[in-house]
């Protein structure tokens, strides 16, 4: 769909306004349990008891609500009601992640997302006002007089399209660079302000802060790209539905990433299993498993045995009982080995001698 510059800016303003309103709802839903102690205590205790099941349930409910939101997008009251439920569920996911991982990044990320959304909205508003002034000045010169004194009809004006839209308002490729620059500027401003606040307040650990900044950067870039795509395929009358399409695209993108990551992980595990089932690996495994009765092996010597095959590397004491050193920490391995079977270095030497003899 080809859209004039004025229409494009209006579309983006409406869409960004709807997204900002939705982000404000999420921010409020996160801020209440963050600063209201009774609510925070109640929600934390609930997630402590029912996590990770409750968190998984919220993650499942989120796309279900999104599907309902898409189906009922043209029913005004139901659309906004479901959008509120969707925002509350999103806030619950943030709270659940905080409780599960023992972090406190929910309010920071919600505030960051809301702020750069509002910043992009304001930058687009400033741009639209400038273009409105240009459009008003251009309207006066749309019909102009030739040197012979004749009027030129706008439909025959070479500076306009067949729809009488001035060519100066047709979206060109550089329009993408403008919205991209707005997103970059918004992220840099909000990131700088957040960094200053972090240096002063130290509200989260440095690792959580850095991870959150990286997540927000990916989110900004993806949002700008998606906004550009929606600008091309949706009409002005569908701008209020844009927030639905934004989240639909987000869910699909996450699904694709999970599928690709799962496929890569499966391939890596398959290749690793094939390599570790070879003759050389079986030889090492048999030597280790056959070395018992007064001796043993340490998983620090053969870490691959535990990582890839799950085979047991046992120590045997004088009474005939054993323990799996692969399921113990290095300190436990050393303590148990020395208390039950003698110095650990002696058994390592014996194991090396047997392997050399074989």
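Cβ from N, Cα, C; glycine included.
Because TrEMBL annotations are produced automatically, they should be read as predictions rather than curated entries.
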Out of 246-276, 277-307, which range is noted as transmembrane segment by TrEMBL?
246-276
Listed range which TrEMBL flags as transmembrane segment, given the options 146-165, 206-225, 226-245:
206-225
With TrEMBL as the source, which of 25-46, 113-134, 179-200 is set down as transmembrane segment?
179-200
What stretch of 52-70, 77-95, 179-200, 246-276 shows the most Cβ pairs under 8 Å to the transmembrane segment (206-225)?
179-200
Long-range neighbours of the transmembrane segment (77-95), counting only residues six or more past its ends (CB under 8 A):
22, 25-26, 29-30, 33, 43-44, 47, 55, 58-59, 61-62, 65-66, 68-69, 106, 109-110, 243, 247
